[in-house]
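Heads up, the thing below is written out as structure tokens.
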Amino acid sequence: MHPRPRENVLKNLLFMGAPLISIFLIDSVVTDPVNAPKLFVLGIVSSGVAGSVIYGLNRVEIKRAKAPLIYLASFFILSIGTLFTSKAPIHQSLYGVYGRNNGLVAYIFFSLLFLGALFISAQSTHLKLIHGLFIAGIVNVVYCGWVITFGDFLSWNNPYGNILGTFGNPNFIGAFLGMFFSAWLAFLLGPKPSKYFKVASIFVLPFTAIEIYLSHAIQGRVLMAGGSVLVVFFWLLFKLKSKILLMGYVLVATFGAGLSLAGALQIGPLTKFIYKTSVSLRGQYWLSAWNTGQDNPLTGVGYDSLGDWYRRMRDPHALELPGINTVINTAHNVPLDIFAFGGWPLFISYLALVLLTLWKVVRFSINMKSYDQTFIALAVSWICYQLQSIISINQIGLGFWGWLLSGALLSYTQIGNQVESEDLRDLKMSNARKIKSQEKVVGAGMFSGIAMVIGALIAVPPLASDMKWMSAQKSRDAVQLELTLKSGYLNPQNMQKFFMTIDAFEQSNFTDLSHRYALEAVKFNPDSFDAWRLLSLLKKSSAEEKDLALQNMRRLDPLNPTLKSAP
């Protein structure tokens, strides 16, 4: 089929769906207002995007995208394979740990967004995608401005004391605003921006910069500065006639980047502005993920299961900093997380997608004849995401942009200016052709709608489970709390739910219930250190159970000196 009917559906989905993933929250009726709700919307949008593309896909399009499709298929197949090789609970592998939801399902949805963006066939759709990024950015700037001025109207717990945006964490909102700032600047420096855009920029850019500063997120400042430097480089490339001046700019920018990197390593004058103790902590987190992947080189340990392995794989120095009892469930480095999840095969397939995108970006940049604001906004935003992915978590509202922008860049560099001429030819279609196209739009829309329903059915369980758990907590009814620990399609289990419910039973003197579900918890995930520790502390636990718990705690945390000396 001709791509235009399909393209219209894809364009609208990306324009409305992408910002919705970043913005969407649910307040009051869930314990986690951010991650499970975003996973739900991600499932709907990504499935709809993939459905609109698959409808009528032809061999010519597939042939043009052969390399990225091979890499994506490899990543997809290897990801599915982790379900069969991982010892982690199936619910954890599928939906991830509580408060992260970076399980297999999330990465399948990321892959579907990549697939959809890979087959964009009109540059106007890429432009709409950037507009979607702008919508998400403006909503967050306005919301953060309100919080700074009047206080937060959402009832969520904010232990950070900083702005959170719609991401639930100051580091994530800082990083996203850095991406947004850079993309907006790319359009401001583009050819003939409208007067309305110029006026809006007077407010948008300063307010965004202020909010990045107030988030206290170093990565936000780094991305804003680094992204702006790249945008200005492209602008100067086509503005300056003197290559000497351009080379001078590059040298100054490189020197500044070097100073910033040195500051992050506690060297030089920028240390007090850039370095944070968390930088040193991340080194230990990265090392534990590397050790986990190295210990399981072919299969990894399964999606979102690094937390079960951290104590076993941490370096002895981690006992001092960050400390014996400080543990993590993510490496704070997306590539290393993937290495731990699936070993070398999955890691290589992921890197292949990233490096292919980078190569296409570099090659297109070299051949670019004029300032292309859409490409520059896409490329700089993608680079910002890749930089933050090295030091942060793949939070759903932020992480999906990396996959979506990768696919969009690959399709943009493929179509060049060819599609624009196709767009012009499409405008000259006869009335009969237009009617036929409208019929195909209906077909593509229906196919996409069916896919969205399927995506919703796959993505809804964590959200439904969390709503049920929140309702049970509010009821203070032991029977209702028990029901939340019964596994089902709409009630996948997670260790956090076990821990909090068992503790509630124990504190309320329902010791039989706390003991019963503590045994269920260690059965659900025998590699959970905290599950065994909790069993060892319960009043009803027998001496044999406490001894078994201690043995497993030593197995899961072999470096812990307090366990070696325990009776």
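Heads up, the Cβ atoms here are built off N, Cα and C, so glycines get one too.
Between the stretches 36-57, 366-387, TrEMBL puts its transmembrane segment entry on 36-57.
Mean model confidence of the domain 'O-antigen ligase-related' (224-351) amounts to 93 (pLDDT, 0 to 100 scale). Listed by sequence, the residues of this chain that lie at least six past the ends of the transmembrane segment (104-122) yet keep a Cβ under 8 A from its Cβ atoms are 3-4, 7, 10-11, 13-14, 39, 42-43, 45-47, 49-50, 52-53, 57, 61, 65, 68-69, 72, 75-76, 79-80, 82-83, 93-96, 129, 303, 353, 394, 396, 399-400, 402-408, 410-412, 415, 419-420, 422-423, 455, 458-459. Only pairs six or more apart in sequence are counted, and the transmembrane segment (69-84) with the transmembrane segment (338-362) gives three or more Cβ pairs under 8 Å, enough to call it a contact.
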